[in-house]
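Undergrad: Sharing a structure with you now.
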Amino acid sequence: MDFLQKWFENVSQYPFELFSLSHIIIIVTHILGIIILLVFVKKLPIKTIYIIRWGLFFLLIFSELSYQTWGIYNEAWNPREFLPLQLCSISGVIAILALLTQNQKLIQITFFIAIFPAFLAVITPELFHGFPHFRFWQFFIHHLVLSWAGIFLVVTNNVNISLKITLEIYTYLFVYAGIIGFLVNPLFNANFLFLAKSPSANTPLEFLGVGLCYYVNLCLIGLGFFLLQLGIYKIMVRIYHRGHYFENLRIIKKD
């Protein structure tokens, strides 16, 4: 019981250490999961694909609910930190809806805002609780499952992703960032999307400069990642012979 209380409390006996053994194991697991999805999903029976889909769905829901519960239990909940408005939080909500409905637009959005942000968060996390604390597991499970869900949705659905779609989704994100930066962050004195300042943990964002330079670099890097993902998608299409492969998997929508 004492262990469980310490495991779930607000503070951790062991602070998170970047690239520690536990962190490296998480990174390797993340990469292995991506490889498995890209290489082996098309060889799996439809029933297994169906199980993976709902497994990702429930893991994302459980992750978010457990995080909110943790904040409330420890009397630490506040809108500045716990509203699901960070990029990986809002993309988690969209991924849940995409897994539930398999709506093409939601899948497109998830593809662009879930995979790379979650991957970068796994590599350089803003995390202060080390292994084996609850927050360590919740943080990494959420981000691993989020990026896997983004890949899974595209690999198992007949989704059109073009340059036009890429710029459209980028525009959505730009508008969302504007709402967060000009309205939500000032209202709650928050730092959602890291628009008020770079993260307190060591991340690549701290090299983007300050003031206007920070925002310009953030926008350019975001656009660069979107275009990179478009290129990766085009490569995936050629590798999997998209038309024949995805037609075979359309059956998973009939549930």
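Cβ from N, Cα, C; glycine included.
TrEMBL annotations: computationally assigned, not manually curated.
Dumping what TrEMBL says about this protein:
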type	residues	note
TRANSMEM	20-41	transmembrane segment
TRANSMEM	50-70	transmembrane segment
TRANSMEM	82-99	transmembrane segment
TRANSMEM	106-124	transmembrane segment
TRANSMEM	136-157	transmembrane segment
TRANSMEM	169-188	transmembrane segment
TRANSMEM	208-232	transmembrane segment
Undergrad: Which one of these stretches, 82-99, 106-124, 136-157, 169-188, 208-232, has the most C-beta pairs shorter than 8 Å to the transmembrane segment (20-41)?
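TA: Comparing 82-99, 106-124, 136-157, 169-188, 208-232: 136-157 has the most Cβ pairs near the transmembrane segment (20-41).
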Undergrad: Do any residues of this chain, six or more beyond the ends of the transmembrane segment (208-232), have a C-beta under 8 angstroms from a C-beta of it, and if so which?
TA: 111-112, 115-116, 161-163, 166-167, 169-170, 173-174, 194-195, 198
